[in-house]
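Pulled from Swiss-Prot:
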type	residues	note
SIGNAL	1-19	signal peptide
DOMAIN	40-85	domain 'Gla'
BINDING	41, 46, 47, 56, 66	Ca(2+) 2 binding site
BINDING	46, 56, 60	Ca(2+) 1 binding site
BINDING	47, 56, 66, 69	Ca(2+) 3 binding site
BINDING	54, 59	Mg(2+) 1 binding site
BINDING	54, 59	Ca(2+) 4 binding site
BINDING	65, 69	Mg(2+) 2 binding site
BINDING	65, 69	Ca(2+) 5 binding site
BINDING	75, 79	Ca(2+) 6 binding site
BINDING	75, 79	Mg(2+) 3 binding site
BINDING	86, 87, 89, 103	Ca(2+) 7 binding site
DOMAIN	86-122	domain 'EGF-like 1'
MOD_RES	107	phosphoserine
DOMAIN	123-164	domain 'EGF-like 2'
BINDING	291, 293, 296, 301	Ca(2+) 8 binding site
């Protein structure tokens, strides 16, 4: 009986092995059914095999030394390590103006193109854009480096860009207590500046016997606009009563009878600039600085006798009294500067040209408030837009030379007029005012379609500086 269970067991085993469905299959066939990723260091000692990037730094966190084993080159390892350790700092594109970004460990470096600087190459280090960031003057020390400087009476701030007063009453700065809290400047937003390599000498004289045809319309981009911020004072015909001390560089020229006939601007303690057609050598002229109300004693006036009248060397009244219409007046005694008697700033040639052509200007004087009307008693002030040369030439049959420019309103109603000649046309940058023009002539006053014509000061900068010994 004991043999029966044993025989039965063998029979069952044979039946199981002969079944159609088998449990075990060949190794190669099994690999197609079940697979797993083998580690880079499977079954071998890591120290005995060459470096593997997957094994060292992807499956596990690696050290710099382990990464170095993979690349076997320090420079390539560094490039990998900068991104591996803290991500690519250049992904956010921090570099500006076409600069190339180079990633670093927790940092980045911008490789700036020529003419740009700063951490992100955001600073245009040339004078072409935004005047090189300079508050006053910009010049090129090297072809791609802008160097800032300041007008007389100012010093360059530690930032190398802004200008701070170095004297109590620097040029072009309004300091009268009556002007505190009053906005008188235009917000300068000039983007592009045209600075030449040699921003110095005066322009060449023009031939008077050549009639200049209007140039063809230009297709270049229009100059950047400056949005003016002006005061809302009581309106006078064409202008406004100024605030006392608002125009401390304004001079009133009076004759031997004490009657005013022209204006002028203070250059320094001994010199005033005006229009050449206003007077002739030998005239008895008194320059009154600090004037405000011509019918009252303002207690701020300083009267000086004019001892020398110097028109521009090539000025010829007989041929054309408005060509090179600018003159310098030497005073018998120096003026004493204060909040009501302050010089106007004189910029370089290119600086003055850029400032002039990119925004509205401010004109002032005691001239007629209507064509052939009575003169103003209180000093008048008016903001007028600069007029492009094509429009200027089309407005008149009279020759407009390059020493002249137009300013005013096409609709008329606002303009300089008789008695304002010789007075200042000024533009501001920041809180500093610069002389950019001298009131010269016009066809009637404030007539629609006509503009005031001014002498372009930029042409005469070198002559003014040399004659007045202005530093």
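Just so you know, the numbers here start at 1 and follow the chain as drawn.
Backbone N, Cα and C atoms are what each Cβ position is placed from, and that goes for glycine too.
All protein chains shown were included, and the count of other CB atoms within 10 Å of the CB of residue 79 (Ca(2+) 6 binding site) stands at 14. The residues near the Ca(2+) 8 site, meaning same-chain residues not in 291, 293, 296, 301 whose C-beta sits within 8 angstroms of the mean position of the site's C-beta atoms, are 288, 290, 292, 294, 295, 297, 298, 300, in sequence order. Look at the binding-site residues 65, 69, 103, 291, 301 and count other Cβ atoms within 10 Å of each Cβ; 65 has the fewest. Neighbours of residue 296 (Ca(2+) 8 binding site), defined as other CB atoms within 10 A of its CB across all chains, total 10.
Across the domain 'EGF-like 1' (86-122), DSSP helix (H, G, I), strand (E, B) and coil residues number 5 helix, 12 strand, 20 coil.
Taking a C-beta cut-off of under 8 angstroms and a sequence separation of 6 or more, residue 293 (Ca(2+) 8 binding site) has the following same-chain neighbours: 377, 378, 379. Of all the binding-site residues in the record (65, 75, 79, 291, 296), the one with the smallest CA separation from residue 89 (Ca(2+) 7 binding site) is 79. Comparing residue 296 (Ca(2+) 8 binding site) with residue 107 (phosphoserine), their Cα atoms are 68 Å apart once rounded. Within the model, the domain 'Gla' (40-85) shows a mean pLDDT value of 65, rounded to a whole number. Each of the binding-site residues 66, 75 was scored by the number of other CB atoms within 10 Å of its CB, and the largest score is that of 66. Neighbours of residue 89 (Ca(2+) 7 binding site), defined as other CB atoms within 10 A of its CB across all chains, total 18. Residue 75 (Ca(2+) 6 binding site) falls within a helix when secondary structure is assigned with DSSP. Sorting the domain 'EGF-like 2' (123-164) by DSSP state (H, G, I as helix; E, B as strand; all else coil) yields 4 helix, 19 strand, 19 coil. Ranking the binding-site residues 75, 291, 301 by Cα distance from residue 66 (Ca(2+) 2 binding site) puts 75 first.
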